[in-house]
């Protein structure tokens, strides 16, 4: 999609200028800075502390970056250290902040200066002079400094001075001993946190203290943040004001304060933001949750501080001290931080501590920040120690958000609430005050104002900060307290509310008592809103409602509980008011009472419903409520509204509810109320149960519910909220719309009040929705964050069946003994379906003939799917109980949605001894009595269904898996019902399992068959048991239902108990299919198979007969047994019998080519003589059928005929019956012919080649296979398969088409079974074609690879070609590594998938990560690797990972996920540590990871090649040795890669094709192939190898045509090198290399060791050349020249280096080498490599290996000036061209070029659409080019002609430096606007460099690399194995080097090992390979990281690892490739 690509690029080009986008693109937009620190030359100048730098640039601020690590020796006196910092690009650097953390022994540091270079634009080099101490002891005591820089090293920066004057107040106790800190914020940044300290005793009462701060100019000051750290005896401090003088800008700023900074005064804050002029800072509140890890010693006593950073780091909160937290192990501390700035969403969080206290180290798990104002909750994982003795020793860290976990919550605004207590006697209160606010968009939650000792005192004003969601315009406030004791009375004057950001203001006047002894004795007041925002304040807005509560007259009606009522109207509600003060009676709520109460409230307008309930307390709390009457006081009685109830509010009656919502008389409560079914699951962990009262509150789109206590559960488990159980509750209330969130909690009362809540599930049948609310946390004062209530948002909302309410009234007749106490069941049928069987019951006594009523009417509410118009009703009872007989008058059913009522008259007995004795009746609606009685389809159809019937019915195979848990099995009777879209199967008992005699046992799978007539698509099932028997509880894992005739297999996951005493106590469940686990396949069709057994003696059989059908193009069915069990086997297949079977099998197409029929030889007499088989099947349109006859007339017996028990039969004739249009049957017969194949089997002519075992063969063609046959009778030899002989066999089979492979095996029986098979030839007699299958291998358990079965491929038609075709061009490989966590229950056996997403909804399909054979789960702690092919999505944006487990059991903890995209050269690593589980974490089984959360590593682009390997067609040519390939190109070489054997590759005469990923090194030059010479057949004859580049289809051929073998190769060589041949041109010349090696003339220079070397040149390396054959007999003697010749080599072109080494063997192995001369005969050129050094353990630096640079290359001295060729490519888009000029400036490492003008003239047009133009300029040499500046200017240089909308759209610019011919590529694809001014230009960074060989050779100078290896801290991290390292750079690698040191114990736990390696400069380091040989006692090794410093440049590259190299841990690797982190 090139178009889309361009669009994207256009966008990103726009973004660059938009500062916002920099943070978002932080991955894409990275900057690399080189930071050089120079430590001063004064005594004690060096430091051991951790040093950090922050860069302040024009686009933003970088995070604080840690320079280096503890292991290095940086920051020593007068040392210069170089660091590379990779961070977001912040543009030109204005200032830097440099600091250290004051840890270590001598932390003080004297810094001379810092130099920072932007590596993308290296001419920008900034100098920051410091020349000062960073030390607590020396200088001014600061160890943070802000330095200002300039591009001129001689500039002296201007530092500003700020004089801070601090005035402590004149209040008693106002002084402080604590440390005071200040941070000054201006428009140009802040000073950072500074401690205010000078020698004298500061901050005493009434004192003024003066301090001078040096800082860069901050511009205009905005605010200060000042506070103290609460240390010392009297830390509380009263600050009057602060005055700051800005000396440089000559300004004075006033900050009046006048407040306490004390934990026990004022609002308890010890840190405040103060704006200039002292205006109250409108704080935005951030809720910060800090989680301490759950590991030993995690807690700390240090003072923790946090800094919140806004986007791009431009704004921050300053340092905030988190006071009052515990920071104990596994606890969560919550803080509300108020900051006068909007920072959310944060870019990062800094967290740290002051390293004081006894156990100062701290393990921080994560920080979660929620900002109510933006509603964003962000998670910042840490998971590290902040401890100077652990890990990297940091005590402050920068944490980055895991974007995937970001949550959107409800937005809330900060408000200030003032409460004015009246100034009259005893006005104050000590009660806790509650309030709630109502606005036109909703109401707030009830809020609690804690009464500290001194709130709400007489005449006092108390201020609170609160957060409110958007409620619209406020209209009232309710305020109350709950204390009914004498001193709680309170006189409230008024309440005011102010929105802090917009200053909106409301006043609520009160002026009344809230006191049980004053005024009207009320302690609740409602206050109408007043103020400018309120449109109408009506004086008569306060209304008294008179509420009359009528208790019923049923026995036991009255209650002693506390009754409350809430009136709900068109404008708000009254809140729940306890009915305390009754006007007319003393003893309230007695039987028959009508009690009156007043409720005073702001007008509700019209009262619509009444919510009434009681608290269930007291002896007889049950209450029968008749009705409630409500009227406004002062209105006539006629205006009163009646709310009827006539139901119990009693836990033990009716439905058990004790709170009801009533609607006015005449309205149906069912229509108005919605039921919410709530399942609450308690966690299955110790101590999870709770005895507290649990409440829930639902927040909906339309309204919120009140706090509902969960008192009476539906499933009545006795003891609620017990560990691992599920409690179900139903709430009936008004419709609140879609649920947005819930609040759930408990009252924390009771012995075991703590509760671990797993999850809440809410089903709303009316909405057809099910909401999942995962919680998985403690609600416990003593666990985690100590909260006992929590808000939860839904993790998913699943659709369920939409149910509607039917109200069923059952009228029992007025006949003597009409009532029944049997169980009554009912089923309703409508035109769109039917309900399930419904049991009519509730908590009261039903179906009684009433004494007072003539008819007893029982009312039930039924939820069911919408049935449409009702058609009939079936009602019955089970005849149980004492008096079961029942006279049913009628049933009325009201469809509450449509409000229609149906009457079903009955007026008959349902009784065994009355009427007609029926206890079941079908009733039809009365006005449709003429409707025919739909007779139901009678039970299951008989099993003898004919073929035609079978086609109409469906057979379901039901598999039921019982869980593998203790007591999971059941002995109860299990039933199932399948529900389809058209009908259901009715109850089917699962009686006979096909697999297990004892059904439903633990961990077992049982299989059943269910037949049904068409029920449509399967929608759901119901499964349950009858709870009978001993151990009835059953844990059901899943049900799988396979319907072959529909081609569908559905999985219904359950994973729950069906047990009265577990989970929710249900013994039947409805289960829906799991979408991800559904398997679709081609539907099966029925076949009628008739088997004719012959009429001869002994013809019958009892064996298990099976059949396979074959279609035309190789399709075949599975093998199917015709008998279901042993009984049938004995019944069928008797002599002369005809047996007919109807089986469902795969559809094999229109023609049945053949069948395979046989038996297993079991039973008493298994021999069988089969006469024939006929198969009948329906024609596709159902118009007739076709019968095919397969004659056999042979034995299938081991003892008869040829001993075969399986035969292939081909059809003799086909008989078709067709139904014609005229209704007649037309009959057709036709005949079929068959074929023979002749087989020749050749046994090898070597010792012991023959076999006596039985040989079996199967032949495969492109039309199918013939089935395995035994080769029994040889036509040529009596004794078959003897050494050196040829056996012939004739086999009858149908036409297999072109044969391509055979499978041949023997059964290893008899005396000498070993067999050496040479080949098999097959002759097709009809076509005379011959096929040859070579083997030349043993089939033996003892020889070679010990296999006795081989698959052989035909020489010509051989294997299928390579799997890669053109349609796959947009498909690329992804390599995925998944690590599973190690916590309890981390593993999963579900299928895991991944979806990779790019921009604009481009995504791969679901890629399943299927485990390899033999692994059945992602085990704890395992690391699994997968390679999948998926769509190329471009730049990856997100990744979705999930699994298909749908049961609560299937949880998986994904620790880490790595995705490698070789074709893009990137690796993404996600450290997730997140649960994918229904019942853990946040309840999701799939989650989307944002690519911003991944660490992105560049690993080098790979190109896909199709590799074809041709093995010679020579005897013994195939091999099973390992084969390795290395490819060399002009741009480097690959590593050695293993060619996978894959079972059957590299066999004689084969061409094997497969796809490999090969580094981008084209054009290819040569290939090296090596075999390891191991295995049973180590010799390999390699013909040739071709590589086809799949991007540009270029093919390179490498031909060898010889053996790779120690024996069969003339030189005994296992390695060969082949030049590439591309388009018939050989890419390298053949040559002979002559080496002259000169040993020096000094004492002991000679050696007897074995010397080897490798030559490196333009076209790769020579491979290892051992210097064995010299012209001298005694080699390498002192002052001797030895000559070595290597012929038949490939010329490497110009040589650049030699690597030479020896093995240190012999008596005096040390060797002093003077030089080496290498002569290349083809080039006729000699290269000199000067050495003049020792290769000796005891001399020089002790290295035995040296790299020597070629001396010839020194001649190339670089001149000052050079020429540049500039090539521009103009885009091929419309309007891309320009007629104007372009200018360009090159920015290099050594400087910046002048401006080059690329001119356009009318004669020679440049920059045309799609054109490529070339220019040449001479210039000074600017070194490596890092960036170019490109501008677009008018030709004539006039201002006027600079049109606004002229652009030049440039695609690419390529700059070539002509001296060394290095090419620099700049990918632009940007429109450059025409501008007159030179200031306006675009900067492009270099995308790719191709360095010429000459340039590379020049840079090869010897360099010492300091290599530091840090071993991890965990137990057992160290190793005693031998460690090796290979370092890879742009200019080659170091070779594999052993890391050894004499007499030192290296690589110990937590230690640092240091080595020095000398090689030629490798350029920029790309990766490191670290490995060990797994030797020694504890070879497992945890590598923390590797650091490599180039001692010439001082640049350190860090390679993080953090993984084990251990065969027994994780992925089991002992060799890892590490990539750099800057």
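Glycine is treated like the rest: Cβ placed from N, Cα and C.
Small disclaimer: the values here were computed from a predicted structure and weren't measured.
Marked as domain 'PLAT' by TrEMBL: 31-148 (among others).
The domain 'PLAT' feature in TrEMBL is assigned to 160-275 (among others).
Among the features that TrEMBL reports, domain 'PLAT' is placed at 284-400 (among others).
What TrEMBL lists as domain 'PLAT' is 413-528 (among others). In the predicted model, the domain 'PLAT' (413-528) shows an average pLDDT of 88.
Per TrEMBL, domain 'PLAT' is recorded for 674-793 (among others).
The feature domain 'PLAT' is assigned by TrEMBL to 954-1072 (among others).
Residues or ranges marked as domain 'PLAT' by TrEMBL: 1085-1210 (among others).
The domain 'PLAT' feature in TrEMBL is assigned to 1235-1353 (among others).
The domain 'PLAT' annotation in TrEMBL covers 1372-1490 (among others).
Marked as domain 'PLAT' by TrEMBL: 1503-1618 (among others).
According to TrEMBL, the domain 'PLAT' annotation covers 1762-1886 (among others).
Summarising the annotation, TrEMBL assigns domain 'PLAT' to 1903-2019 (among others).
Per-class residue totals from DSSP over the domain 'PLAT' (160-275), listed helix then strand then coil: 0 helix, 63 strand, 53 coil. The listed stretches are 31-148, 160-275, 1235-1353, 1762-1886; of these, 31-148 has the most Cβ pairs under 8 Å to the domain 'PLAT' (284-400).
Across the range of the domain 'PLAT' (1235-1353), the DSSP-based residue counts are 0 helix, 62 strand, 57 coil. Across the domain 'PLAT' (1372-1490), DSSP classifies residues as 0 helix, 62 strand, 57 coil. In this chain, the domain 'PLAT' (954-1072) lies out of contact with the domain 'PLAT' (1762-1886); the count of Cβ pairs under 8 Å, excluding pairs fewer than 6 apart in sequence, is fewer than 3.
In this chain, the domain 'PLAT' (954-1072) lies apart from the domain 'PLAT' (1503-1618): fewer than three C-beta pairs between them fall below 8 angstroms, excluding pairs fewer than 6 positions apart.
Counting Cβ pairs closer than 8 Å and at least 6 residues apart in sequence, the domain 'PLAT' (1503-1618) and the domain 'PLAT' (1235-1353) reach three or more and so form a contact. Counted over residue pairs separated by six or more positions, the domain 'PLAT' (160-275) shares at least 3 Cβ pairs under 8 angstroms with the domain 'PLAT' (31-148), which defines the two as touching. If you look at the domain 'PLAT' (1372-1490) against the domain 'PLAT' (31-148), you find fewer than three C-beta pairs under 8 angstroms, all six or more positions apart, and that falls short of contact. With DSSP states grouped into helix (H, G, I), strand (E, B) and coil, the domain 'PLAT' (1762-1886) comes out at 0 helix, 67 strand, 58 coil.
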